[in-house]
Structures are given as structure tokens and as C-alpha cells.
């Protein structure tokens, strides 16, 4: 019975719980606090604190009721809490659960449930603060691409909604300060998945990309890539926070594993940028490191390669114990009507996977129908999950019945009465039907007007009574044509003005017109009282005057003025006696005659001008005896013919004799016009001609004709420049030379033909850098030697390296014929061996041999068991013999290559390699010797990821060697001994490292071992630089992490090596000498951050002089001196540093040479 009662209460509580809205009613503030070290306050950079106002009224809200705040474009809540309480005065009235949208939804929600503390008598209100971060994109998912357009830099309006209640606030978002043209990266923590979404956008290429490779991978093994959640695309643009706003497919190849994701792409069009994003799981999502591949070729540009490494740090969004679990997000379709996010039950002691379910409703299709009825009905055609359900909505509509009636209003009104219980509604239409109206207007004593309507029953007459105050009166007196006086009153409408018009008979009028000085006319009426006489005064401006002069028959002059009425024009008529007349006749260019009278002013003389067309003219030219010419015109009357008589003096005469084709002589006179020259032409038969051609010194040709008198012989003289000459040399079979000149006609080219006996020929074959062969013949002048040069591509070379029993190395090149393969045979002496003993944690001893390349040193590593108290041991020295040669001249080239590698906060390594090539010039007859010496400087940083040094300690081995190579002719064997020893130990007292010591000796055929100190000087010194190799090997640090101070250990070794070669030189000259100094140093630094830095560098300088004098007798002695000052560093296990002088180690080394 109790169980049934409990179930009943549960059912009742569920049945009565409802969804309410409008609880959140104000957006009070939205402020930003920097949750990390962000450089700008963008919408996606935590934390934005939203303060919202809320109100719960117990009369409308009940315990168990729910309400939801929908927050568009909110990505997550930046808190480890899962809920927040709405409290007032310490009392909780509702609990709200955080549901972050993250990568699943474009919005976040706050789902709240009313608590039992809310009763009908309580109305609670207050504020709540929500820490959150907005979503403005960050991946290529559909959710992020949609939210990438939520905001822009500057002022934005953020709007949340609680049901139909919207609350808003304006906020200013700052633009990203990262240059969008470079590569772009972003990482964002997804708290519900305990994962990070990581984005990488390629650098901008304005014209598109030809090809490229991009991606990222874990650096220290603390990151795993989720290959099932990857987006790859190209975006048309970026928003103000450098996130893609679109994603389009393109051609690429993807390689993904748990260690990294990489894509290789080609042909990205202009305006697009490729990007890739993925989910990653990190040991600590708030601190991890990624290495990025960044290679690309812009269209029309060069290949770019710029890899980089980034260490990401952040803040924790969840409790400390929540890290390390696997969280899976799944989507499930349910029969609910809204989308929700829920977390399935999870027991960390039993379950291994926490599941977040995204519950989505079954999609529906709505069909709307209608019918005649009262209620709306809904019917659902269900469908299984995975299909689409159908909702049929049947909406009712009513029919109507219209009732029309009349009323006394002035408009037609329509009223619809909806029947709530039936499908027939009533429409009442009222049509106006007014009574006739009678309006009566009357005046009364009040100063205001009133209107009173007396309404009669329908069908009768209504009365409108208007009472008006009396009108104002204006009296006007005017004249009219009658002879008596009348008075008329015009009553205006009420509120207007009445008029009283008095009409009087007109007064008699007297008009006076006068002229005045103004240019206009005025009329002034002087009105007399009624019955008197009015006066009209007209004032006129003076009239215009037109003066006309005319002739009359009298011999005297008269003037008459005709006055016009005012405003007209007065006329002045002047009559003059006629003027005397003069007639002039002239010719003009027209073909007709005209007569024109030019009237002069009265009293002068008029002119009659007759224009005649010109007469025809006849010109006659005749010669006379005078030496000048004259022209005389005899003018005829108009219409006849004029005569022009020209008299010319006689013309000059020019006589010309010319030849023609006839065999007889003629004379012709050509008369020129007067003043010209008459010509007398004598034509003679042609003379016979003789032509002569000769050469002269000028560069052009001329032709001169020497004409003889008629009947004789003419001469034509042609002068030609000398011809050009072409000399051709050819070989023939005779043993002697000949020269023949072939002369061409003038203006052409003479030929000089030289015949030479054939030259001797020398053929030379040489190699060049091209891949094909050519043959070139260099022809020498006659009598010389022709050269045939055959250029062959270099032969392929096969190098074979083998060991032999000698202590020196040789290189022999066997040159094959062109087109075949040369063989380089390198014979190397066996490598020297260095034995190193190390201690390890195993209970047995083993040995490993590390074989170096020829010329290097093989290493035998003996791994021995470790005991708590172990005596330091020294490895027996190993001797390496080197045979060296001394050359006359050294040419030295140096090349340095530096490579830097950085890995986040774990430090950087720099490796610098310098290579020197020593060669002998080709112009001396000594064998070519090439010696390469490398200098390597390595700086490294070691770090313990856990922050605790290992107890096994650190072993630092420093090896420093100095080599001097020389060549002598004839060769004298020289031995260079290299001694390497290593000291090992545990964390107790004792040395941990020692330098290598080089002892050099000079041996001739009769000596065994000689060590001495000597110095030699030379006058001609050429300073060169030779580098000496050095190496540093370091294992784990041994300093305890409890030390707060930094410990610095410095090891310095200085050595001076003097190599002197003396020559017993009877012919004189300087003996070659060499001086070498070496200064290696090692610095070790340890600090409380568990970082040890070791740096080894070695510099050596060498000076050398050479003799050019031929050596006839040689006796050689090699001396070496080594001075070593070295401080050994010992860690005693407690963090103290003990330094020991290394003279004892050096002594042990020397003693070991004789063991």
C-alpha cells in the first residue's frame, strides 16, 4: 500500500511539473577577464563573465518546473562545475545544469529545475554569473563553420533567450593581433571530451598554391592524434579571428596515425587557403607540444620550407581527478521533440568509458488540412527511428450567416459574432439610414457660437439649431453712375464680417495735363467731398522728337514742329533747298552698269556715281630701238575696246650647238617673249668617241667626257677605284706554297689564292663537365700545327675501400678509357681501437664493438656489473701510428656548416662543422695530397621530464685530439701516438672524466722512441688555422633535484705542441717548421630545473713556412712537447663539487705507455 502511494505521488508530481519561461529577464553585464596570457579579448578567449538577472514567482512557478536559457554562439562554460544554483539570501530556489554546445551544437543551454523551497508566498529574484567562452570557429566542422559568422570585430549584440523572452547586451570584441598572412594555428580544449581540437592554416599565397605539405605531430610522445575526427579543406576567407568561414574540397593525400596527421596537396586556386584540424588526446591537455610541417610553393614563387614547434599551455576546465578517462560522444535519435545532451551513468571504479549522448528527435513532416468545425486536431503518423514521421494538423474554419439592419449612424459597420460551440458564425451589417435635417441659424447676445441638434425618431426630421454671435461691420462709400445716393448691407455668414456699402453720385471733374521732368506719367485725382468738383492732374514726360529733313523748290530753309499727344512722338520737319550735283563714272568688276546718288547734307554737293563694266582690251607688243620697255593704254568710251601698246627692246641671243643623229647641220632660232633670251640652236652630226678606263686612289668611280670641236673625236675617261681583294688560303698536295692573283672587272673583287702544303696535326683528349663528347679542330696558321681536341664526359667512378697490413693509407685511381668506369682503390690501415668500460645494472658483463669508418677509431664498450664500492679503473692506452708526408706548398679552403635544432622547452642543439681542404697546386711536380680536417662544436641541453635526476649519475667523456699531417720527399716514417683513457665511477667520491692525452714521437730508421722539447723559428711565416675535433657524450644527470642553487663545472685543458723538421741543406734555404697550439674547454652547468648544458670547443692555430730550395741531403728529427693542466670534476652524491688536479692522471697515463 505504501509503495502504491509513493508511486502515486511521483505520478502526480510528474503530471503537475511544467515548462515555464521568462525567468531570466535581464542581461546586466558581460565583462572579460584574462584566464591565461591572451594578447587580445576575442570572443573565444576565456573568460567572459555574463551577469544575468532572474526572477521566480511562487504564484506561477512550482517545484519541479523547468526553464531553459538558450545561448547562441556559446562554445563552453569555463568552469569545472557542472551546475549553478539560483540563490537569494542563501536559499536555493533553482538548480541549473550546464550543457555546453562545444563541437556538437551551435549553442549552449542552461537547463534549470525549480527547487522545493519556492512556495506560492515567495517571489525570489537575483543575479547569476556564468563564466563562458564564445564560439567563433576553429575547425572545419559544420558547427564551427556556422558559428564562425556569429560576430565581427568591434561592437556586437549578444542575445540569449528564455522561451519568448530575449535578453541582450552590447559588447566590444577585439580583432586577433596575429598577422593573417602567415601560418595560423589554434588549439581549443573540449572539456566534455577531455580532448583538444587543433587547427593549422597554411601561410597565404595570393595567387594560389602549386603544391605543399602541412600537418602536425607529437614531439615528446605525450600526444595522440584521433584520426576519426579530422577535417581537411580549403577556405575562401577567414574571419576577424583567423578562423575558416567555409570549407571546400580539393585534391590532397592524407597520412594519419596516432603520432601525426599530414596532407600533401596540389593546385590550390587563388583566394583559397588549405587547412587541417584534428582532435588530439594529450597526457595533460593544458601542457603539450606539437611539431608542425610547413612546406609550400606559391604559384609563380619558390619552394618554402619553414617547420616549427609550439608548446601549448592553457587552463583546467575540469576537476583534477577527471583527467585520463576516455569519453565518447554518441548521437541517438529519440522520440522527444527537442535536442538535448546528456551524460550516461559512469562508475570510475567499474566503467572504463564515459559516454555523452546527443539526443536528437525523430524528424517530422507536417501536413496541414482544413474542415468545417470548431476544434483543431493533431494526428501523428509515427515512424521508426531512422525514418521521418508525419504530423497532420486539421485546422477548422466556420461558415457565416449575415444579418443586415439600419441605424442612424453615418457609416456602415460589420460585426462578426463567433460561435464557440458551433461552426456557423453570425455577421451583423448595420447600414446608415439618417433622418432629414432642418438647420436654423440665429444670432444671440453671446460672444460664442453653439450648435444644437434635436434628433427626431427614425423617419422624422432632425433639427439643427445654430446660435451665432453678431458679425463685425465694415462700411464702404463709393461712387456710381446714378444721380442719387443708396446704402446696402451685405450680411456675411456667422463669424464673418458684414459690409455696408454707400453709393454716391459722381462729382464733376476738371482734368489738367502738364509736362514734367520725369520719364514717366502720373495721374493725380484731387477728390472733393460729395457734391463738389474733383480735379484730375496728369503729368506727362516730354514726347520723343523725330526730325525729318526734306528738299523743296524754294531757295531757303524752313523748320516746322508737329506736337503729338502726350506719350506720342513730336515731328520736326526741316525743308532745305536742293544741293548741287557732281557725276563720276568708274569701272568695276561686274558685267553690268549701276548709278548711285550719294546725298550730302543740305548746303553741300551730292555725288552721282556711275559704275560701268570694263571695256574689252587688245594688247599689241612691238620692238623698238630703245633699251627700255613702255606700255601705253588707249581707253575707248564705255562699251567699246581699249588698246594696250607694249614697246619692248630687242632680246638677247644665246647660241647652242648640240649633236643629233643626222649627218647634216641645222640652225633654229627660238624667239623668247620680250625681256627673255632668244635661242639659236645649231645641231651638228656626232663626233666619233674614244673611251679610256684607268684606276685611281679615290674610293669612288668617275666618268669624264672630253668633247672635241664638231667634226673631231671626243674622249671618255673612266676612273675606277681599286677592286677589293679576297685572299683564300687552301692546302694542296705539293710541298711548297704558291700565290695567284685573279683580277676581276672594275667594281668587283679580286681574288688572291694562296696554296699551302698541309699542317702537322696533334690530337688531345680531355675530360669536361658535360654528359656528351665533342671533337674540336683548332687550325693553326700555315706552317704551324693543327690541334684536334676531343672532350669526353667524365667516367663513372667506383670506389673500393679495403684494409691492408701497412700502417698508412693509400689511394690509387685506375683510369679506364673514355666511356668506361674508373676505379678508385683506397687501402686503409686497420682502425685503432679504444676500449671503454661502463657500469650497468645487470649482473653479468658483456662487450660491444662499435666499428668506425676507415681512419676513425673503433670503440669496444665493456658493460660491467656495478657494486656499491668500486675502485676507479683506467683503460690501457691504445697506440695509433700515422705516417705523414711533408709538402712544399699548402693551399687551404675552409667551409663551415651550422645546423640548429630546437624542441620546445627541452632546449636547442647547435652543431657547427668546419671543413678545411689542404691541397698542393698543380704547377709543381709532386703528388697531390688532400687532407680534410673537421671542427665540430656541439652544445646540448639535457632535461629530466620528471624533474628528478636518476641515481645512476652522469658520465661525461671528453676526447680531445690534435693531428698534424705533413709530407716529405723522400718520405721519412713518423709516428704519432694517441692515448685515450676513460675514468668511470659511481656516485661516491672519485673522478668521473679525464681528457685524452696525445703523445707524439719522432722515429727514424735507427731510433726507437724519442721525446724532447724543442722550438724552431723561421723567417717566412704564413699563419693558417687548423681546427681540432672534440666530442661530448652525456648521460642522465646525477644532481639531486632538491638543490636550489645552480652548479657550474668548468674543465679546461691547454696543450702546446711544437713540431719541428730540420733539414741539413747544403744548398742553403730555410727549413720548414710548424707550430701548433690547442686549447679545448668543457663547461657543464646544472640547476634546480634538472637541466645540464655541456659545451666543448677546441681551437688550434698553426703557422708554417716552406722552402723552395732543392733538398739534396735530409736528416730529420720530430720533437713534441705536451703541457697539460686539467681539473677533474667530482660529484660526491650530496651535491658538492670536488676538483682534482689531473697531474696524477697524466702520470698514470705516461706509466701506462710502458706497461
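We number each residue from 1, going along the chain as drawn.
Cβ coordinates come from backbone N, Cα and C, glycine included.
If you check Swiss-Prot, you get these features:
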COMPBIAS  949-965  compositional bias 'Low complexity'
COMPBIAS  966-977  compositional bias 'Polar residues'
COMPBIAS  1010-1019  compositional bias 'Low complexity'
COMPBIAS  1034-1058  compositional bias 'Low complexity'
COMPBIAS  1071-1115  compositional bias 'Low complexity'
DISULFID  73-150  disulfide bond
DISULFID  96-112  disulfide bond
DISULFID  205-298  disulfide bond
DISULFID  227-256  disulfide bond
CARBOHYD  471  N-linked glycosylation site
CARBOHYD  543  N-linked glycosylation site
CARBOHYD  615  N-linked glycosylation site
CARBOHYD  651  N-linked glycosylation site
CARBOHYD  723  N-linked glycosylation site
CARBOHYD  759  N-linked glycosylation site
CARBOHYD  795  N-linked glycosylation site
CARBOHYD  881  N-linked glycosylation site
CARBOHYD  1023  N-linked glycosylation site
CARBOHYD  1099  N-linked glycosylation site
LIPID     1134  GPI-anchor amidated serine
REGION    936-1115  region 'Disordered'
REPEAT    365-396  repeat 'ALS 1'
REPEAT    401-432  repeat 'ALS 2'
REPEAT    438-469  repeat 'ALS 3'
REPEAT    474-505  repeat 'ALS 4'
REPEAT    510-541  repeat 'ALS 5'
REPEAT    582-613  repeat 'ALS 7'
REPEAT    618-649  repeat 'ALS 8'
REPEAT    654-685  repeat 'ALS 9'
REPEAT    690-721  repeat 'ALS 10'
REPEAT    726-757  repeat 'ALS 11'
REPEAT    798-829  repeat 'ALS 13'
REPEAT    834-863  repeat 'ALS 14'
SIGNAL    1-17  signal peptide
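This view paints the features noted in Swiss-Prot onto the structure.
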residue	record	contacts (Cβ under 8 Å, 6+ apart)
73	disulfide bond	43, 106, 107, 134, 135, 136, 147, 150, 151, 158
205	disulfide bond	268, 270, 273, 296, 298, 299, 301
471	N-linked glycosylation site	491, 492, 494, 495, 496, 497, 498
543	N-linked glycosylation site	563, 564, 566, 567, 568, 569, 570
615	N-linked glycosylation site	587, 635, 636, 638, 639, 640, 641, 642
651	N-linked glycosylation site	671, 672, 674, 675, 676, 677, 678
723	N-linked glycosylation site	743, 744, 746, 747, 748, 749, 750
795	N-linked glycosylation site	767, 815, 816, 818, 819, 820, 821, 822
CB neighbours within 10 A of residue 759 (N-linked glycosylation site), counting all protein chains shown, number 16
Residue among the disulfide-bonded residues 112, 227, 256, 298 whose Cβ has the most other Cβ atoms within 10 Å:
112
Using a 10 Å cut-off, grab the number of neighbouring Cβ atoms around the Cβ of residue 150 (disulfide bond), all chains included.
19
Distant-in-sequence neighbours of the repeat 'ALS 4' (474-505), which means Cβ under 8 A and at least six residues beyond its ends
441, 443, 449, 466, 468, 530
Secondary structure at residue 112 (disulfide bond), reduced by DSSP to three states
strand
Enter the number of other CB atoms within 10 angstroms of the CB of residue 96 (disulfide bond).
22
What does DSSP call residue 256 (disulfide bond) in the simple three-state scheme?
strand
Return the member of 96, 112, 227, 256 nearest to residue 759 (N-linked glycosylation site) in space, with distance defined Cα to Cα and candidates limited to these disulfide-bonded residues.
256
Just to confirm my parser: what is the rounded mean pLDDT across the repeat 'ALS 4' (474-505)?
87
List the Cα distance (Å, whole number) between residue 96 (disulfide bond) and residue 227 (disulfide bond).
35
Between residue 112 (disulfide bond) and residue 227 (disulfide bond): CA-CA distance (Å):
37
Using DSSP three-state counts, the residues of the repeat 'ALS 9' (654-685) come to 0 helix, 19 strand, 13 coil
May I ask for the distance between residue 256 (disulfide bond) and residue 112 (disulfide bond), taken between their Cα atoms and rounded to an integer number of Å?
42
